[in-house]
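> Have a look at the structure that comes next, please.
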Amino acid sequence: FKRAVEGQHNYLCAGRNDCIIDKIRRKNCPACRVRKCLQAGMNLGARKSKKPGKLKGVNEDSTPTKEGGQTCPGSGGGYLSSGEKELSTSPTNALVPHGPGGGLVTPYLPPSICSVLELIEPEVVFAGYDNTQPDTTDHLLSSLNQLAGKQMIRVVKWAKVLPGFRGLPIEDQITLIQYSWMCLSSFSLSWRSYKHTNGQMLYFAPDLVFNEDRMQQSAMYDLCLGMRQVSQEFVRLQLTYQEFLSMKVLLLLSTVPKEGLKNQAAFEEMRVNYIKELRRSVGKAPTTLDRRGNRSSQLTKLLDAMHDLGGELLDFCFYTFRESQALKVEFPEMLVEIISDQIPKVESGNTHTLYFHKK
């Protein structure tokens, strides 16, 4: 575990990152074994503590329920409360150390953070698209919404083990995920499209790829062109996997409430750390690519452009959500919870995007 996290070994799974790891088969796949260690809460910080038995999770002061679980104070029903509960009750502490007294230490990044980002990157999700039905607008959009709901589950799990993220208050964690989910989804889509179709089609899932016909039939052709253009920019830049992973985290950390977060200082420190990680990733890129300074500028401009595209995608999402009955477009319960809570905040101008370059 120590060698993998510190980057001495970069393990890769020969399967689909879902190998069974138990007492007998623990040596079959080192990559899945390390992933399971991270999900179970192993971290380098705990090894340095003189009293490992007193290491506490974020939620240890929470009130137990009758079922033996734990709940967060003031949490309600639905996705946001369940997401908050999932973030707060998971044993995983995302490599954020706790002091002997149980208090959180300031968020930090362990050595070779890219090794950790590679290990926790979610697996590709299948849409379960019904190819026996015609590619009608409502069928395509409903399928995309169902896929987005599945992906959101992975986003929450990814955030739980993201180095530094668990050091933020639960309210801040939920807010950042809620404000960035569309950008994260479209950015990951662009990466898959870049790797699997060389930027020619939109690779939403292995069983749901948009060609030109599906783009036009989806009723969001211009938005599809925008997402494909991002993927083609990946092709032009020959974006590396390490750069993509660092940029993805920065998208999570780039939209905040206008009044700020509960712990704005911890958030800003975490964001600065990941900006440094992006610069390190650029420094590792092949020397045949653009000059380092110019490349960093190009990547941050691309991140800024993602916010503009994400805003347009949200507008379309909000429209189809409001007109879902008339358009016969279905939304999974998770997206209903997120969008219902997000619409008033976005449309009231309560969000603030952190751009790298002046608009």
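Every residue gets a Cβ built from N, Cα and C, even glycine.
As listed in Swiss-Prot for this protein:
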{"type": "DNA_BIND", "residues": "1-49", "note": "DNA-binding region"}
{"type": "ZN_FING", "residues": "13-37", "note": "zinc finger"}
{"type": "BINDING", "residues": "Cys13, Cys19, Cys29, Cys32", "note": "Zn(2+) binding site"}
{"type": "REGION", "residues": "48-96", "note": "region 'Disordered'"}
{"type": "REGION", "residues": "50-107", "note": "region 'Hinge'"}
{"type": "DOMAIN", "residues": "108-339", "note": "domain 'NR LBD'"}
{"type": "BINDING", "residues": "Asn145, Gln151, Arg192, Thr320", "note": "21-hydroxyprogesterone binding site"}
{"type": "REGION", "residues": "157-160", "note": "region 'Important for coactivator binding'"}
> DSSP says what for the zinc finger (13-37): how many helix, strand, coil residues?
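Once the DSSP states are binned, the zinc finger (13-37) shows 8 helix, 0 strand, 17 coil.
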> In sequence order, which residues at least six apart in the same chain have a CB under 8 Å from the CB of Gln151 (21-hydroxyprogesterone binding site)?
Pro122, Val125, Ser185, Ser188
> Within 10 Å of the Cβ of Cys29 (Zn(2+) binding site), how many other Cβ atoms are there?
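Result for Cys29 (Zn(2+) binding site): 21 neighbouring Cβ atoms inside 10 Å.
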> Can you grab the distance from Cys19 (Zn(2+) binding site) over to Arg192 (21-hydroxyprogesterone binding site)? Cα atoms, rounded to a whole Å.
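Here the two Cα atoms lie 22 Å apart.
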> Looking at the binding-site residues Cys13, Cys19, Cys32, which sits with the largest number of other Cβ atoms within 10 Å of its Cβ?
Cys32
> Helix, strand, coil: count each for the residues of the region 'Important for coactivator binding' (157-160), based on DSSP.
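Taking the region 'Important for coactivator binding' (157-160) as a whole: 4 helix, 0 strand, 0 coil.
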> Cβ distance under 8 Å to Arg192 (21-hydroxyprogesterone binding site), same chain, sequence separation 6 or more: which residues?
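Val124, Tyr203, Phe204 - these are the non-local Cβ neighbours of Arg192 (21-hydroxyprogesterone binding site), listed in sequence order.
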> Would you mind giving the whole-number mean pLDDT across the DNA-binding region (1-49)?
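For the DNA-binding region (1-49), the model's average pLDDT rounds to 68.
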